[in-house]
Amino acid sequence: GNPELPTAVNITWSSINFKTILQWQPKPSGYFYTVEIHGQTSNTRKKCIQTTEMECDVTDAVRNVKETYTAHILSVTSSRMDNFEEPPFAVSEKFTPYNQTVVGKPEIQNYTQKGSKLNVVFQDPLTPYTFPNGSFLSVRDIFQHDLEYRLYYWKDQSSGKKAETSRSHTFEVSVDSTKNYCFYIQGNIPSRRENRNGQESLVLCTSVGRHTLDEYRAEVFIIIAVVTIAVITLAIVLSVILCKHKKAKPAREKELLNTA
């Protein structure tokens, strides 16, 4: 080996929706890193050859997601890559994508609160892997029945949460029709011992109460406008009548004096 070259430390695997990044330290100076991915049954794959970065995207090298891998991070110089001398290297912890990747945020596509029912429709997170036709596999395509989702919901401005579980893309839960509700969705893999819970979706809130209030306000504004127009019209009519009456009174008085 070449003990004069530093080896990588603090090696970590970071994986969300099977997009897997290997990270380490320190920043190289005067040498490079080359990553080797070793699987239990697959051939060794070289990635990020002679890189000066401290991370490497190894997603395509760990595509057999149920296999367990280790990464060897070699410290090399450009001149030593051509000979048979083994460079110094550091070894990562073991990594199994199926057991360790984090399920990312589900995307909420649509939600409605009609009467006492809250309906939520969402989409699975996509992975970097593709079908033969080029479309991306979702996490559900890989996890199959091991994946479920939980809807957490609560009355707006309340802290008491309720939860419902589904293996489909929809939720329908009973709610108080007079209250607004907030909610989010989270993927879950019950078969795992660790990393069971995925990332939480955005928190969204219904606005049934506010819509009703807006409609009520609109009706009130219309009534007020109609009454205001009627009052103004009546005032104008009365003003015209009074004005004519005032003009007619002196004429009558003059006519009476002339008659006398």
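We number each residue from 1, going along the chain as drawn.
Placed from the backbone N, Cα and C atoms, the Cβ positions cover glycine too.
No curator has checked TrEMBL annotations; they are predicted automatically.
These features come from TrEMBL:
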- 3-79: domain 'Fibronectin type-III' (DOMAIN)
- 101-207: domain 'Interferon/interleukin receptor' (DOMAIN)
- 220-243: transmembrane segment (TRANSMEM)
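Taken as a whole, the domain 'Interferon/interleukin receptor' (101-207) shows an average pLDDT of 95 in this prediction. Per DSSP, the secondary structure of the domain 'Interferon/interleukin receptor' (101-207) breaks down as 8 helix, 56 strand, 43 coil. For the domain 'Fibronectin type-III' (3-79), the DSSP-based tally of helix, strand and coil residues reads 6 helix, 41 strand, 30 coil.
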